[in-house]
Amino acid sequence: MIPNDDDDANSMKNYPLNDDDANSMKNYPLNDDDANSMENYPLRSIPTELSHTCSLIPPSLPNPSEAAADMSFNSELNQIMARPCDMLPANGGAVGHNPFLEPGFNCPETTDWIPSPLPHIYFPSGSPNLIMEDGVIDEIHKQSDLPLWYDDLITTDEDPLMSSILGDLLLDTNFNSASKVQQPSMQSQIQQPQAVLQQPSSCVELRPLDRTVSSNSNNNSNSNNAAAAAKGRMRWTPELHEVFVDAVNQLGGSNEATPKGVLKHMKVEGLTIFHVKSHLQKYRTAKYIPVPSEGSPEARLTPLEQITSDDTKRGIDITETLRIQMEHQKKLHEQLESLRTMQLRIEEQGKALLMMIEKQNMGFGGPEQGEKTSAKTPENGSEESESPRPKRPRNEE
(Lines of atoms letter the chains of each structure in order from A; the text may use other names.)
(Lines give C-alpha, C1' and ligand atoms only; values in the text may rest on other atoms or scores of the structure.)
Protein backbone atom coordinates (compact mmCIF):
# COMPACT_ATOMS: atom_id res chain seq x y z
CA MET A 1 0.00 0.00 0.00
CA ILE A 2 1.51 3.30 -1.11
CA PRO A 3 1.31 6.09 1.58
CA ASN A 4 0.13 8.91 -0.66
CA ASP A 5 -3.48 9.22 0.53
CA ASP A 6 -5.00 11.51 3.15
CA ASP A 7 -6.11 8.53 5.25
CA ASP A 8 -2.54 7.26 5.39
CA ALA A 9 -1.36 10.74 6.41
CA ASN A 10 -3.95 10.86 9.17
CA SER A 11 -2.92 7.41 10.36
CA MET A 12 0.71 8.55 10.45
CA LYS A 13 -0.25 11.28 12.90
CA ASN A 14 -1.38 8.78 15.51
CA TYR A 15 1.39 6.22 14.89
CA PRO A 16 4.95 7.53 15.08
CA LEU A 17 7.71 5.96 13.01
CA ASN A 18 9.54 2.88 14.30
CA ASP A 19 11.91 0.28 12.85
CA ASP A 20 9.17 -1.68 11.08
CA ASP A 21 7.74 1.45 9.47
CA ALA A 22 11.19 2.43 8.23
CA ASN A 23 11.65 -1.00 6.68
CA SER A 24 8.20 -0.78 5.03
CA MET A 25 8.95 2.67 3.65
CA LYS A 26 12.19 1.27 2.29
CA ASN A 27 10.33 -1.37 0.32
CA TYR A 28 7.83 1.19 -1.11
CA PRO A 29 9.83 4.01 -2.72
CA LEU A 30 8.11 7.06 -4.13
CA ASN A 31 6.85 6.90 -7.72
CA ASP A 32 6.04 9.63 -10.26
CA ASP A 33 2.44 10.10 -9.07
CA ASP A 34 3.55 10.55 -5.49
CA ALA A 35 6.23 13.01 -6.54
CA ASN A 36 3.71 15.04 -8.55
CA SER A 37 1.21 15.04 -5.69
CA MET A 38 3.88 16.19 -3.26
CA GLU A 39 4.96 18.88 -5.71
CA ASN A 40 1.40 20.12 -5.81
CA TYR A 41 1.20 20.06 -2.01
CA PRO A 42 4.62 21.18 -0.77
CA LEU A 43 5.31 22.31 2.75
CA ARG A 44 5.59 26.01 3.53
CA SER A 45 8.50 25.73 5.90
CA ILE A 46 9.89 23.33 8.46
CA PRO A 47 7.66 23.73 11.52
CA THR A 48 9.00 23.67 15.01
CA GLU A 49 7.20 20.37 15.62
CA LEU A 50 9.37 18.67 12.96
CA SER A 51 12.46 19.20 15.05
CA HIS A 52 10.86 17.13 17.80
CA THR A 53 9.84 14.36 15.41
CA CYS A 54 13.44 13.99 14.36
CA SER A 55 14.16 12.41 17.72
CA LEU A 56 11.87 9.53 16.74
CA ILE A 57 14.28 8.38 14.02
CA PRO A 58 16.67 5.78 15.42
CA PRO A 59 20.28 6.95 15.67
CA SER A 60 21.65 4.00 13.73
CA LEU A 61 20.41 1.43 11.27
CA PRO A 62 21.49 -2.18 11.35
CA ASN A 63 22.14 -2.52 7.59
CA PRO A 64 23.93 -0.13 5.18
CA SER A 65 21.15 -0.65 2.60
CA GLU A 66 18.59 0.68 5.05
CA ALA A 67 20.83 3.69 5.78
CA ALA A 68 21.15 4.44 2.05
CA ALA A 69 17.35 4.24 1.58
CA ASP A 70 16.80 6.49 4.56
CA MET A 71 19.30 9.03 3.24
CA SER A 72 17.58 9.07 -0.16
CA PHE A 73 14.20 9.61 1.49
CA ASN A 74 15.58 12.41 3.61
CA SER A 75 17.23 14.08 0.61
CA GLU A 76 13.96 14.03 -1.33
CA LEU A 77 12.13 15.40 1.70
CA ASN A 78 14.64 18.21 2.07
CA GLN A 79 14.36 19.09 -1.62
CA ILE A 80 10.60 19.33 -1.25
CA MET A 81 10.95 21.51 1.83
CA ALA A 82 13.50 23.76 0.16
CA ARG A 83 11.11 24.70 -2.64
CA PRO A 84 9.18 28.00 -2.42
CA CYS A 85 5.77 27.82 -0.79
CA ASP A 86 2.57 28.09 -2.84
CA MET A 87 -0.70 28.42 -0.98
CA LEU A 88 -2.64 27.00 -3.98
CA PRO A 89 -1.74 24.23 -6.43
CA ALA A 90 -0.93 24.96 -10.05
CA ASN A 91 -4.31 23.73 -11.34
CA GLY A 92 -6.24 26.18 -9.13
CA GLY A 93 -7.68 23.42 -6.91
CA ALA A 94 -8.03 23.16 -3.14
CA VAL A 95 -5.46 24.31 -0.66
CA GLY A 96 -2.61 21.85 -0.05
CA HIS A 97 -2.98 19.40 2.86
CA ASN A 98 -0.24 19.40 5.48
CA PRO A 99 -0.72 16.64 8.10
CA PHE A 100 1.89 18.12 10.45
CA LEU A 101 -0.03 21.40 10.88
CA GLU A 102 -3.44 19.95 11.79
CA PRO A 103 -4.72 20.50 15.35
CA GLY A 104 -5.21 16.79 16.00
CA PHE A 105 -1.55 15.95 15.40
CA ASN A 106 0.03 14.76 18.66
CA CYS A 107 3.76 15.26 18.68
CA PRO A 108 5.87 14.14 21.65
CA GLU A 109 7.97 16.99 22.99
CA THR A 110 11.42 16.34 24.42
CA THR A 111 12.29 17.96 27.70
CA ASP A 112 15.91 18.75 26.79
CA TRP A 113 17.11 20.41 23.63
CA ILE A 114 20.39 19.08 22.28
CA PRO A 115 22.33 21.83 20.51
CA SER A 116 24.28 19.26 18.44
CA PRO A 117 23.27 18.89 14.77
CA LEU A 118 20.85 16.15 13.81
CA PRO A 119 22.78 13.12 12.50
CA HIS A 120 20.40 11.55 9.97
CA ILE A 121 18.68 14.57 8.35
CA TYR A 122 20.82 16.04 5.63
CA PHE A 123 20.47 19.78 4.92
CA PRO A 124 22.13 20.68 1.62
CA SER A 125 24.46 23.60 1.68
CA GLY A 126 22.87 25.16 -1.39
CA SER A 127 19.46 25.59 0.27
CA PRO A 128 18.59 29.29 0.06
CA ASN A 129 16.02 29.32 2.87
CA LEU A 130 17.52 27.08 5.61
CA ILE A 131 20.68 27.73 7.66
CA MET A 132 21.89 25.52 10.51
CA GLU A 133 23.46 27.55 13.28
CA ASP A 134 24.02 26.14 16.83
CA GLY A 135 21.26 23.54 16.38
CA VAL A 136 18.58 26.21 15.76
CA ILE A 137 16.77 26.50 12.43
CA ASP A 138 15.99 30.05 11.36
CA GLU A 139 13.90 30.73 8.33
CA ILE A 140 15.37 33.58 6.29
CA HIS A 141 13.65 34.71 3.13
CA LYS A 142 15.58 36.54 0.51
CA GLN A 143 14.27 39.88 -0.64
CA SER A 144 14.14 38.69 -4.26
CA ASP A 145 11.89 35.68 -3.48
CA LEU A 146 9.01 37.61 -1.92
CA PRO A 147 8.02 39.87 -4.85
CA LEU A 148 8.12 36.97 -7.35
CA TRP A 149 6.03 34.73 -5.14
CA TYR A 150 3.64 37.58 -4.36
CA ASP A 151 3.21 38.35 -8.09
CA ASP A 152 2.61 34.66 -8.88
CA LEU A 153 -0.01 34.47 -6.15
CA ILE A 154 -1.87 37.49 -7.51
CA THR A 155 -1.70 36.36 -11.17
CA THR A 156 -2.73 32.75 -10.57
CA ASP A 157 -5.68 33.64 -8.33
CA GLU A 158 -8.91 34.50 -10.13
CA ASP A 159 -11.14 35.43 -7.16
CA PRO A 160 -10.45 38.97 -5.84
CA LEU A 161 -11.97 38.13 -2.45
CA MET A 162 -9.74 35.08 -2.12
CA SER A 163 -6.70 37.11 -3.15
CA SER A 164 -7.39 39.73 -0.47
CA ILE A 165 -7.83 37.05 2.23
CA LEU A 166 -4.67 35.23 1.17
CA GLY A 167 -2.79 38.52 1.09
CA ASP A 168 -3.81 39.23 4.69
CA LEU A 169 -2.80 35.72 5.77
CA LEU A 170 0.51 36.13 3.97
CA LEU A 171 1.26 39.39 5.74
CA ASP A 172 0.42 37.86 9.14
CA THR A 173 2.58 34.74 8.65
CA ASN A 174 5.52 36.70 7.27
CA PHE A 175 5.34 39.17 10.13
CA ASN A 176 5.33 36.39 12.76
CA SER A 177 8.00 34.18 11.16
CA ALA A 178 10.54 36.78 10.00
CA SER A 179 13.23 38.15 12.30
CA LYS A 180 13.40 41.71 13.61
CA VAL A 181 16.20 42.57 11.18
CA GLN A 182 14.13 41.70 8.11
CA GLN A 183 10.90 43.44 9.22
CA PRO A 184 11.72 46.89 7.71
CA SER A 185 12.74 45.38 4.38
CA MET A 186 9.62 43.21 4.16
CA GLN A 187 7.36 46.11 5.05
CA SER A 188 9.03 48.28 2.43
CA GLN A 189 8.57 45.54 -0.19
CA ILE A 190 4.91 45.05 0.72
CA GLN A 191 4.21 48.76 0.73
CA GLN A 192 6.02 49.30 -2.59
CA PRO A 193 3.05 48.27 -4.82
CA GLN A 194 0.72 50.42 -2.74
CA ALA A 195 3.00 53.42 -3.15
CA VAL A 196 3.17 52.82 -6.91
CA LEU A 197 -0.61 52.65 -7.09
CA GLN A 198 -1.03 55.80 -5.03
CA GLN A 199 1.36 57.92 -7.09
CA PRO A 200 -1.04 58.62 -10.02
CA SER A 201 -3.89 59.55 -7.67
CA SER A 202 -1.65 61.99 -5.80
CA CYS A 203 -0.54 63.56 -9.08
CA VAL A 204 -4.13 63.90 -10.22
CA GLU A 205 -5.26 65.41 -6.93
CA LEU A 206 -2.58 68.08 -6.85
CA ARG A 207 -4.27 70.34 -9.38
CA PRO A 208 -7.70 70.48 -7.71
CA LEU A 209 -6.03 71.15 -4.39
CA ASP A 210 -4.04 73.97 -5.90
CA ARG A 211 -7.18 75.37 -7.48
CA THR A 212 -9.12 75.16 -4.26
CA VAL A 213 -6.33 76.81 -2.34
CA SER A 214 -6.08 79.58 -4.91
CA SER A 215 -9.86 80.00 -4.96
CA ASN A 216 -9.91 80.15 -1.17
CA SER A 217 -7.16 82.77 -1.19
CA ASN A 218 -9.05 84.77 -3.83
CA ASN A 219 -12.25 84.53 -1.80
CA ASN A 220 -10.44 85.64 1.33
CA SER A 221 -8.87 88.59 -0.47
CA ASN A 222 -12.21 89.56 -2.01
CA SER A 223 -13.94 89.32 1.36
CA ASN A 224 -11.23 91.45 2.96
CA ASN A 225 -11.55 94.07 0.23
CA ALA A 226 -15.33 94.05 0.51
CA ALA A 227 -15.13 94.39 4.28
CA ALA A 228 -12.71 97.30 3.95
CA ALA A 229 -14.99 98.95 1.42
CA ALA A 230 -18.02 98.35 3.62
CA LYS A 231 -16.28 99.86 6.63
CA GLY A 232 -15.65 103.07 4.72
CA ARG A 233 -18.45 105.51 5.47
CA MET A 234 -20.19 107.46 2.76
CA ARG A 235 -22.09 110.71 3.08
CA TRP A 236 -25.47 110.68 1.43
CA THR A 237 -25.99 114.07 -0.13
CA PRO A 238 -29.47 115.29 -1.15
CA GLU A 239 -28.60 114.78 -4.83
CA LEU A 240 -27.42 111.22 -4.17
CA HIS A 241 -30.54 110.55 -2.15
CA GLU A 242 -32.70 111.81 -5.02
CA VAL A 243 -30.98 109.39 -7.38
CA PHE A 244 -31.55 106.65 -4.82
CA VAL A 245 -35.25 107.50 -4.52
CA ASP A 246 -35.66 107.55 -8.30
CA ALA A 247 -34.06 104.11 -8.56
CA VAL A 248 -36.32 102.76 -5.83
CA ASN A 249 -39.39 104.19 -7.56
CA GLN A 250 -38.36 102.63 -10.87
CA LEU A 251 -38.04 99.24 -9.18
CA GLY A 252 -41.55 99.42 -7.74
CA GLY A 253 -41.12 100.87 -4.29
CA SER A 254 -39.05 100.22 -1.21
CA ASN A 255 -40.64 96.84 -0.53
CA GLU A 256 -39.87 95.41 -3.97
CA ALA A 257 -36.52 97.10 -4.60
CA THR A 258 -33.28 95.15 -4.00
CA PRO A 259 -29.85 96.60 -3.20
CA LYS A 260 -28.35 95.08 -6.34
CA GLY A 261 -31.02 96.53 -8.61
CA VAL A 262 -30.80 99.95 -6.95
CA LEU A 263 -27.02 99.92 -7.40
CA LYS A 264 -27.41 99.12 -11.11
CA HIS A 265 -29.94 101.92 -11.62
CA MET A 266 -27.93 104.50 -9.70
CA LYS A 267 -24.62 103.95 -11.58
CA VAL A 268 -22.56 105.98 -9.12
CA GLU A 269 -18.80 105.49 -8.87
CA GLY A 270 -17.49 104.51 -5.46
CA LEU A 271 -20.90 103.33 -4.30
CA THR A 272 -20.99 99.72 -3.08
CA ILE A 273 -23.82 97.33 -2.45
CA PHE A 274 -23.21 97.60 1.30
CA HIS A 275 -23.89 101.35 1.24
CA VAL A 276 -27.04 100.84 -0.80
CA LYS A 277 -28.20 98.02 1.46
CA SER A 278 -27.81 100.05 4.66
CA HIS A 279 -29.46 103.12 3.14
CA LEU A 280 -32.34 101.04 1.79
CA GLN A 281 -32.86 99.54 5.22
CA LYS A 282 -33.02 103.01 6.77
CA TYR A 283 -35.34 104.09 4.00
CA ARG A 284 -37.70 101.20 4.73
CA THR A 285 -37.67 101.74 8.50
CA ALA A 286 -38.48 105.44 8.03
CA LYS A 287 -41.64 104.44 6.08
CA TYR A 288 -41.05 107.23 3.63
CA ILE A 289 -43.89 107.75 1.16
CA PRO A 290 -42.38 109.36 -1.94
CA VAL A 291 -44.04 112.46 -3.39
CA PRO A 292 -45.17 112.10 -7.03
CA SER A 293 -42.64 113.18 -9.62
CA GLU A 294 -44.88 116.11 -10.67
CA GLY A 295 -44.07 118.00 -7.47
CA SER A 296 -41.04 120.21 -7.11
CA PRO A 297 -37.92 118.62 -5.57
CA GLU A 298 -37.83 121.41 -3.00
CA ALA A 299 -41.09 120.19 -1.47
CA ARG A 300 -39.61 116.75 -0.91
CA LEU A 301 -38.35 115.93 2.53
CA THR A 302 -35.40 113.93 3.70
CA PRO A 303 -36.02 110.85 5.84
CA LEU A 304 -34.96 112.70 8.99
CA GLU A 305 -37.35 115.57 8.26
CA GLN A 306 -40.06 113.08 7.50
CA ILE A 307 -39.44 111.38 10.84
CA THR A 308 -39.67 114.69 12.68
CA SER A 309 -42.85 115.59 10.81
CA ASP A 310 -44.31 112.23 11.66
CA ASP A 311 -43.41 112.77 15.29
CA THR A 312 -45.07 116.18 15.30
CA LYS A 313 -48.14 114.73 13.64
CA ARG A 314 -48.28 112.01 16.21
CA GLY A 315 -47.91 114.64 18.97
CA ILE A 316 -50.72 116.69 17.49
CA ASP A 317 -52.94 113.66 17.31
CA ILE A 318 -52.20 112.86 20.94
CA THR A 319 -52.97 116.40 22.06
CA GLU A 320 -56.16 116.38 20.01
CA THR A 321 -57.30 113.19 21.64
CA LEU A 322 -56.46 114.60 25.06
CA ARG A 323 -58.45 117.76 24.27
CA ILE A 324 -61.44 115.74 23.14
CA GLN A 325 -61.19 113.64 26.26
CA MET A 326 -61.15 116.76 28.45
CA GLU A 327 -64.20 118.11 26.64
CA HIS A 328 -66.07 114.89 27.25
CA GLN A 329 -65.10 115.04 30.90
CA LYS A 330 -66.40 118.63 31.14
CA LYS A 331 -69.66 117.61 29.53
CA LEU A 332 -69.96 114.80 32.00
CA HIS A 333 -69.39 117.18 34.89
CA GLU A 334 -72.03 119.56 33.50
CA GLN A 335 -74.46 116.72 33.15
CA LEU A 336 -73.81 115.68 36.73
CA GLU A 337 -74.39 119.23 37.96
CA SER A 338 -77.62 119.48 36.00
CA LEU A 339 -78.73 116.21 37.52
CA ARG A 340 -77.98 117.52 40.98
CA THR A 341 -79.93 120.73 40.38
CA MET A 342 -82.83 118.74 39.04
CA GLN A 343 -82.77 116.56 42.13
CA LEU A 344 -82.81 119.65 44.34
CA ARG A 345 -85.74 121.11 42.41
CA ILE A 346 -87.58 117.85 42.64
CA GLU A 347 -87.03 117.77 46.37
CA GLU A 348 -88.27 121.38 46.74
CA GLN A 349 -91.33 120.68 44.67
CA GLY A 350 -92.03 117.66 46.78
CA LYS A 351 -91.83 119.71 49.91
CA ALA A 352 -94.14 122.36 48.43
CA LEU A 353 -96.66 119.72 47.52
CA LEU A 354 -96.58 118.36 51.02
CA MET A 355 -97.18 121.85 52.41
CA MET A 356 -100.08 122.36 50.07
CA ILE A 357 -101.59 119.05 51.01
CA GLU A 358 -101.28 119.88 54.69
CA LYS A 359 -102.88 123.29 54.16
CA GLN A 360 -105.72 121.75 52.30
CA ASN A 361 -106.18 119.26 55.05
CA MET A 362 -106.14 122.07 57.61
CA GLY A 363 -108.75 124.07 55.61
CA PHE A 364 -111.13 121.22 55.35
CA GLY A 365 -110.83 120.38 59.13
CA GLY A 366 -111.89 124.02 60.61
CA PRO A 367 -115.75 124.03 60.11
CA GLU A 368 -116.09 120.60 61.48
CA GLN A 369 -114.40 121.69 64.69
CA GLY A 370 -116.77 124.72 64.93
CA GLU A 371 -119.73 122.49 64.58
CA LYS A 372 -118.36 120.26 67.26
CA THR A 373 -117.92 123.17 69.66
CA SER A 374 -121.40 124.52 68.93
CA ALA A 375 -122.83 121.16 69.56
CA LYS A 376 -121.10 121.03 72.84
CA THR A 377 -122.33 124.44 74.07
CA PRO A 378 -126.10 123.79 73.81
CA GLU A 379 -125.83 120.67 75.64
CA ASN A 380 -124.16 122.52 78.48
CA GLY A 381 -126.95 125.06 78.45
CA SER A 382 -129.55 122.39 78.50
CA GLU A 383 -127.84 120.74 81.29
CA GLU A 384 -127.69 123.95 83.13
CA SER A 385 -131.38 124.47 82.44
CA GLU A 386 -132.26 121.11 83.50
CA SER A 387 -130.39 121.48 86.77
CA PRO A 388 -132.65 122.94 89.57
CA ARG A 389 -132.03 126.53 90.43
CA PRO A 390 -132.15 127.55 94.00
CA LYS A 391 -135.33 129.30 94.92
CA ARG A 392 -135.08 132.91 96.10
CA PRO A 393 -137.38 134.05 98.62
CA ARG A 394 -139.98 136.41 97.33
CA ASN A 395 -140.56 139.60 98.98
CA GLU A 396 -144.32 140.21 99.59
CA GLU A 397 -143.79 143.73 99.49
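Each residue, glycine too, has its Cβ placed from N, Cα and C.
The region 'Disordered' annotation in Swiss-Prot covers 1-27 (among others).
Residues or ranges marked as DNA-binding region by Swiss-Prot on the basis of sequence analysis: 259-284. The average pLDDT computed over the DNA-binding region (259-284) stands at 85.
The annotation region 'Coiled coil' is assigned in Swiss-Prot to 319-339. Across the range of the region 'Coiled coil' (319-339), the DSSP-based residue counts are 21 helix, 0 strand, 0 coil.
Look at Swiss-Prot and you will find 332-337 tagged as motif 'LHEQLE', backed by a curator's inference.
Annotation source Swiss-Prot lists region 'Disordered' at 359-397 (among others).
Annotation comment: Swiss-Prot describes 386-397 as compositional bias 'Basic and acidic residues'.
Here Swiss-Prot flags Ser387 as phosphoserine, drawing on similarity to another entry.
For the region 'Coiled coil' (319-339), no residue of the chain approaches it from at least six positions outside its boundaries, judged by C-beta separation under 8 angstroms.
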